[in-house]
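Per TrEMBL, the feature Ca(2+) 1 binding site maps to Asp57, Val60, Gly62, Asp64, Ser66, Glu78. Taken from TrEMBL, the feature substrate binding site applies to Pro154. The Ca(2+) 2 binding site feature in TrEMBL is assigned to Thr185, Asp231, Asp239. Feature annotation from TrEMBL assigns disulfide bond to Cys23-Cys106, Cys58-Cys63, Cys112-Cys309, Cys191-Cys217.
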Amino acid sequence: DIHTERKNGSSSYDQMGFYDETCPRVEDIIYEELVKKMSPIPRNITIPGILRLFFHDCYVQGCDGSVLILPTDANNSERNAPINLSLAGDAFDIVDKAKAALEKECPGVVSCSDILAILARDVVHWWEGPNWQVEKGRRDGLISNATEAQLLMPKSDENLTTLIRGFESIGLSTADLVTLSGAHTIGFTHCIEFASRIFHNDTTLNSRIREKVILSCPFPKIDRNVAESLDQNSEFVFDNKFFKSLRQRKGLLLTDHVLAFGENDLSRKLVYRYSQDQELFFQEFAKAMVKLGRVGVKTGNEGEIRRDCKKFN
């Protein structure tokens, strides 16, 4: 049972039970909202977008909910950056629903950044992946800038060296890069992100996969709303088959392909090890998600606790 498993272990933010007194049902309330969202379509492919939303949040300004802010006349927020326009609407929606439910039970207590971190864990667990203790106590940031997000976020055609440098800039390692990329075992990517590989007949891409996806991504007019599953082997289960697919040259994104065939020995070895050992991948993914959740965290008197995740107080 997910609620029993959550109580195991301890964490640096939550050793004293951050919401034990102020909002003891925080995780149950968030999970209940996820269940409501998922029940009509148990394998809704847009919901794993929460994982991507969490990553995009933490990569810019740290894990502070800055990606959730709607743009206004006075503020062109991260959410309006071109690289963030494809973030799943359902992912934003479930954060808002969880926040609304929490505001009814314990108003002004739980941060949007903590909600997002908890939802990222719950989504993985929903898709039969690993579980972990989510550290809590983050506060919501007061800065959200589209230009900064566009500049900093990794692009889908970057080489491995650039990807590694980007992760190092936020305190994450090459191993974290490979491990967290395993989140692509669920979710999807838009055709525009891998169009150059299929239309230029990139021979590093498996020919059968190319023939399959080119049917849904017709050239030359690419529909920016059309998407394909990142893991063509088992798109509705969180498992290690994504790494198996990378070794078979079935990774649609160049940034995924280079993990298995790039110039970095550690990256190649980890892809191989994870493709052989799902339990190892699960253990390391849980650790990497906790580490990601610590990036740029604001605590104490920093930031605020938003009343509405879409706007600053």
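Cβ coordinates come from backbone N, Cα and C, glycine included.
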Residues other than Asp57, Val60, Gly62, Asp64, Ser66, Glu78 within 8 Å, Cβ to Cβ centroid, of the Ca(2+) 1 site?
His56, Cys58, Tyr59, Gln61, Cys63, Gly65, Val67, Gly141, Ser144, Ala149, Gly296
List only the single closest residue to Cys309 (disulfide bond), chosen from the recorded positions Cys63, Asp64, Cys106, Asp239 by CA-CA distance.
Asp64
Of these disulfide-bonded residues, Cys23, Cys58, Cys106, Cys217, Cys309, which scores lowest on Cβ atoms within 10 Å?
Cys106
If you take the centroid of the Cβ atoms of Thr185, Asp231, Asp239, the listed Ca(2+) 2 site, which other residues of that chain have their Cβ within 8 Å of it?
Gly182, His184, Ile186, Asn233, Ser234, Glu235, Val237, Phe238, Asn240, Lys241, Phe242, Ser245
Calculate the distance in Å between the alpha carbons (Cα) of Gly62 (Ca(2+) 1 binding site) and Cys112 (disulfide bond), and round it to a whole number.
13
Out of Asp64, Ser66, Asp231, which of these binding-site residues is nearest Cys106 (disulfide bond) by C-alpha distance?
Asp64
Please identify which of Asp57, Asp239 has the densest Cβ environment, defined as other Cβ atoms within 10 Å, among these binding-site residues.
Asp57
Would you mind checking how many other C-beta atoms are within 10 angstroms of the C-beta on Gly62 (Ca(2+) 1 binding site)?
21
Which one is it, among the recorded positions Cys23, Cys112, Pro154, Cys217, Asp231, that lies nearest to Cys63 (disulfide bond) by Cα separation?
Cys112
Can you tell me which recorded positions out of Cys23, Cys112, Pro154, Thr185, Asp231 are within 10 A of Asp64 (Ca(2+) 1 binding site) by Cα, answering none if there aren't any?
Cys112
Hey, which of the recorded positions Val60, Cys112, Cys191 is the loneliest by Cβ count within 10 Å?
Cys191
If you measure C-alpha to C-alpha, which of Cys112, Pro154, Cys191, Cys217, Asp231, Asp239 (recorded positions) come within 10 angstroms of Ser66 (Ca(2+) 1 binding site)?
Cys112
Note down the number of other Cβ atoms within 10 Å of the Cβ of Cys63 (disulfide bond), including every protein chain shown.
28
Are there any residues in the same chain, six or more apart in sequence, whose C-beta is under 8 angstroms from the C-beta of Glu78 (Ca(2+) 1 binding site), and if so which?
His56, Val60, Gln61, Ser66, Val67, Ile69, Asn84, Ser144, Asn145, Ala146, Glu148, Ala149
